[in-house]
Amino acid sequence: MNPAHLLVLAAVCISLSGASSIAPQPLNLIQFGNMIQCNNTRPSLDFSGYGCYCGRGGSGTPVDELDRCCQVHDNCYGEAETVHECDPYWTFYSYECSEGKLTCKDNNTKCKEFVCNCDREAANCFAKAPYIDSNYKNCK
């Protein structure tokens, strides 16, 4: 793995570790970060702290289309926890990246399939949405 990707992963994990009142736990964001890199040239770390929903927590009104992608992803993870009774941060799934196209592979549980699709749809949304530099660290 590229050292820059490891740095991004560490920064995202550190920023998300304070997202709950329980003791911080290792979070599985490796796959999501790699999915983002599959179809986006912007470094994954650029998304953490963007708008009101990208990164740790999320509240208020999304500032733009990209921030809405993060809000939808947050809600998707929430649904994984409540409806599918799984922890999306600990769920490892199978996927493929080929020529910028993401495909969730044959995952043997509903939880894995659901979380994979949360991440795939968010990565695709990130790739399509404009990134407005002034919205980084700018929740209005």
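Using N, Cα and C of the backbone, Cβ positions are placed for all residues, glycine too.
Note that the coordinates shown come from a computational prediction; the quantities given were computed from them, not determined experimentally.
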* Structure fact -> If you consult Swiss-Prot, the disulfide counterpart of Cys125 among Cys52, Cys54, Cys69, Cys70 turns out to be Cys69
* Structure fact -> Cross-ref Swiss-Prot: Ca(2+) site Tyr53, Gly55, Gly57; candidate in list Asp46, Asp64, Asp74 matching that site is Asp74
* Considering the candidates Cys76, Cys86, Cys97, Cys139, which is the cysteine that Swiss-Prot reports in a disulfide bond with Cys118? -> Cys76
* Structure fact -> Disulfide partner of Cys116 per Swiss-Prot, picked from Cys104, Cys111, is Cys104
* Structure fact -> Correct disulfide partner for Cys54 among Cys38, Cys52, Cys70, by Swiss-Prot, is Cys70
* Asp119 (active site) versus Cys38 (disulfide bond) - Cα distance in angstrom -> 12
* Determine, to the nearest whole angstrom, how far the Cα atom of His73 (active site) is from the Cα atom of Cys86 (disulfide bond). => 15
* For Asp74 (Ca(2+) binding site), which of these recorded positions sit within 10 Å, Cα to Cα: Cys54, Cys86, Cys104, Asn107, Cys118, Cys125? -> Cys54, Cys118
* So around the Ca(2+) site, Tyr53, Gly55, Gly57, Asp74 aside, which residues have their CB within 8 A of the centroid of those CB atoms? -> Cys52, Cys54, Arg56, Gly58, Ser59, Cys70, Gln71
